[in-house]
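Per TrEMBL, the features are as follows:
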type    : residues                               : note
BINDING : C:Cys203, C:Cys208, C:Cys211, C:Cys220 : [2Fe-2S] cluster binding site
DOMAIN  : C:1-87                                 : domain 'FAD-binding FR-type'
Amino acid sequence: MEIKLCGIKFKNPIFLASGIMGDNAGALKRIAINGAGAVTTKSIGLKPNMGHKNPVIVELDEGFLNAVGLANPGVDNYIEELKKIRGFLDKIGVRIIASIYGKDEEEFKEVAKKIEPYVDMIELNISCPHAKGYGLEIGQDVDLSYNVCKSVKSAVNIPVFAKISPMVNIREIAEALCNVVDGFTAINTVKGMVIDINMKKPILSNKFGGLSGKYIKPIGVRVVYELYEYKKPIIGVGGIFNGRDALEYFMAGASAVQIGSAVYFRGYDVFNKIYKEIKEFLDKEGLELKDIIGIAHE
Amino acid sequence: MEIKLCGIKFKNPIFLASGIMGDNAGALKRIAINGAGAVTTKSIGLKPNMGHKNPVIVELDEGFLNAVGLANPGVDNYIEELKKIRGFLDKIGVRIIASIYGKDEEEFKEVAKKIEPYVDMIELNISCPHAKGYGLEIGQDVDLSYNVCKSVKSAVNIPVFAKISPMVNIREIAEALCNVVDGFTAINTVKGMVIDINMKKPILSNKFGGLSGKYIKPIGVRVVYELYEYKKPIIGVGGIFNGRDALEYFMAGASAVQIGSAVYFRGYDVFNKIYKEIKEFLDKEGLELKDIIGIAHE
Amino acid sequence: MYEVCKIINIIDETPTVKTFVLDKSFKFKPGQFAMIWLPEVNEKPFSFASENSFTIAKVGPFTDKMHKLKIGDKIAVRGPYGSYFKQYGEKILAVAGGVGAVPIVTAVEAFNAEITTILGARNKDELLFIDRFKKHSKLLICTDDGSLGFKGYTTDLMEKVLKEESFDSIIACGPEVMLKKVVKIAYEHNIPVQVSMERYMKCGIGVCGHCCLDNGLCVCKDGPVFTGEQLRKIIIYK
Amino acid sequence: MYEVCKIINIIDETPTVKTFVLDKSFKFKPGQFAMIWLPEVNEKPFSFASENSFTIAKVGPFTDKMHKLKIGDKIAVRGPYGSYFKQYGEKILAVAGGVGAVPIVTAVEAFNAEITTILGARNKDELLFIDRFKKHSKLLICTDDGSLGFKGYTTDLMEKVLKEESFDSIIACGPEVMLKKVVKIAYEHNIPVQVSMERYMKCGIGVCGHCCLDNGLCVCKDGPVFTGEQLRKIIIYK
């Protein structure tokens, strides 16, 4: 199931999503040896960021609500983490996608330029729903999103994907960005809230957070289906727990998928499991992965 | 648990949501005798509407994806249905909320004026995500939404609530509407898609549909929490399956709740069940309903 | 949710009715139905004709498409749904009109009882499942044009039979006018009756309320098989 | 998800350590922890001190707030989480430094074995659970300032003890420098060892990766109790 995205080979199309086990070298390495075709870093910014206070996550039956608030050690420190594992990941053929964020195009560009030598692709986080002044606050502004993408794209030579929120007008943002980015990652989490009825308070210290897991799969499939008409490669993400979920995303138009919450619900080896489930389906149908990408549009 | 909304008494705050068992008099009556404080009609338009072809609904583990497409017999025929049960519902103290839709302010107004004598409240559907030219296509346009609300409000003397989509900028729409409507209902379903991987097609004939049920509860609670600051009564709806879910909505700021998907998952008597669950919690805590409305904001 | 099935055989039952045999079996109870989805066409409810077949009359655009399917084609099926025929007593009268024979034949085959079947159709070419009925019951045939058996409606023959013989219970499926009459006759003879109703269905699972009867019962979920008790008020005193 | 608990008793263990007794019990295993949430303050991991109590040292803003709570106040608890101390062998050496005594005392109480406990603290006032340790083990005390028992670190006393006596396994909890030394000493004596680690945790359930060690193990999910085998590579050869 080897694939090529923007000229880059991936040993398989099942990647780690940003925000899960991406805090440091040890975590990324563990995912890499569990069969992921690529690992995506936590979203990295210019300076170290403490993020929000705890609680930053609410466990739900089949997903999470989280508001980590873009906590990260800053690009310079994170590069030290990447240096520890870059060689090993190269050796076992696992690609690294850097998720990055910034407050404006300048900050995005600076982070992108710094991190470029250590990664294979860049994913622009213009869709995180729980960080003031970042993420979705940029993604909701089509012009600002365009400027960020254009500025990063002009600064680096590796592929640049924009990560899209399901809470924006997909047509508007896709039309604006499709001529400037190399592809889309969809979707980021959906803004939500969980209240503890005994404490009578929102659980997250940030009150609002991003909903992930099984809850958002139909939303993600819909966004990928909508994005497919813009003829750019798409990485599908949102509630993929098993091979069937991944296949829905492929048929909607995704060329690869990212796994997040399911790492918790099915274990760190979820990548191998999903790989096997997809392969079984394709073998049974006598099809190859490329045959089904976007097939639901026919 | 009697409540008052805009001067109207309801015997309890647990209502039927629009779109479930609201197609005709028989269905509404069945819900009424199962303990609902009010029943909300299917969304009614000026003319009969066949809606979309089947499949119009996808059963999910804990919710639905539906694209009925505003199917309804038209306001004149529907009034005949209401006449059959109005007297009985009055006698057992169950209120009727008319959900209505139209293509513009004129159509909304006409439907509202016709149906006003047969109902207690009007809910404006400016949020249905699966009908071309209606619903969310109006709700995404703040000016058009404002005109619709203003025009209906000026034409009728009963309370008018606007039903809000979670897919719009809540601050924008709430600021525009809060001085013209009597309250908000939140949320409508979230636009999604389910693909049958064996058939390799979206299941719904309309391809896209509205996601309901447990999946969207954290999104609904979030929107109610955001709307609460505009100081209008709110009817909370979206994934309320049990008393705990309802309590989250009350604490986020809802004065009443509507039940949709749970009618299927817990049976037609879900209204009585949820009533009992809320009451048990309040009794245990020594509180009344009014004490907890919006308490998560404190 | 859907079971995607391959058509492995197609049987021409009558000039307007075909049976589609599938490669997958469903554990259904007699009278239950499934929703059959043809992508880009529509989705409609059909009674099971056996654990792996549906018998379908050509009556509109959807069934036209069904009749054009070939062996090897795929359909998507969800179900079984709905209520079913229960065996009340040892001696049962089954009344089947037109394609109403489909759920009835499955009940006749499933019951462990002495059964008399009244099978009616417009003419002899449209009679369904004669062999299956004969194998499991005493079969009385009637046709509107008298081309085979008794000339007249199933309900006419039913009244005649009930004058001569008594039954513990009655089951019936057919056009709605026939069913109303069956319920009325059964009531007059004080015999418990179950009938399978038909309605245009949208969700098929009791959610949308589209197929609700005036008493609030959903044909898709509370039905399609109702007892005379459930229907008498709305059918007879309406 | 959270269990909201009322504080029914508060015990001053030392000048800087309090035990909070709750109205609810948790089925924990020795060494497991829970996340304690104080709304509008923060949420932090704490080892269970018993099925219904947590023993907490005042070390920062969150524990300051905890220490200000009164009987009748409520806290929200989620857990138990993480790995736990397993009993290897019949003769066990337990090494507890400072508030590291909390998970160790629950293991000493839970094990069915001959146990020697080395309990250390800065000075005699900071020694925890002397009675509980005495009741279930042979207790050896040491203090940094010599105000009670052996003068010196727990690991100094540990080396002394191991010269005179042999053990089937070792368990330990305390400051990280102490733990590293415990693992090293155990390795030199070829004795299996388990230690409970501490890290700043965010999610507490192995998702965010924040508390991952260099080998990819999460302190919150794979730990907090690790075997010497799991740690030796990153602790000793780092």
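Including glycine, each Cβ sits where the backbone N, Cα and C put it.
Features per TrEMBL, on structure.
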| residue | record | Cβ contacts under 8 Å, 6 or more apart |
| --- | --- | --- |
| C:Cys203 | [2Fe-2S] cluster binding site | C:His210, C:Cys220 |
| C:Cys208 | [2Fe-2S] cluster binding site | C:Lys202 |
| C:Cys211 | [2Fe-2S] cluster binding site | C:Arg199, C:Tyr200, C:Met201, C:Lys202, C:Cys218, C:Val219, C:Cys220 |
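In sequence order, C:Met201, C:Lys202, C:Gly204, C:Ile205, C:Gly206, C:Val207, C:Gly209, C:His210, C:Cys212, C:Cys218, C:Val219, C:Lys221 are the same-chain residues whose CB sits within 8 A of the CB centroid of C:Cys203, C:Cys208, C:Cys211, C:Cys220, the residues recorded for [2Fe-2S] cluster being left out.
Each residue of the domain 'FAD-binding FR-type' (C:1-87) gets a DSSP state, and the totals for helix, strand and coil are 8 helix, 46 strand, 33 coil. Neighbours of C:Cys220 ([2Fe-2S] cluster binding site), defined as other CB atoms within 10 A of its CB across all chains, total 27.
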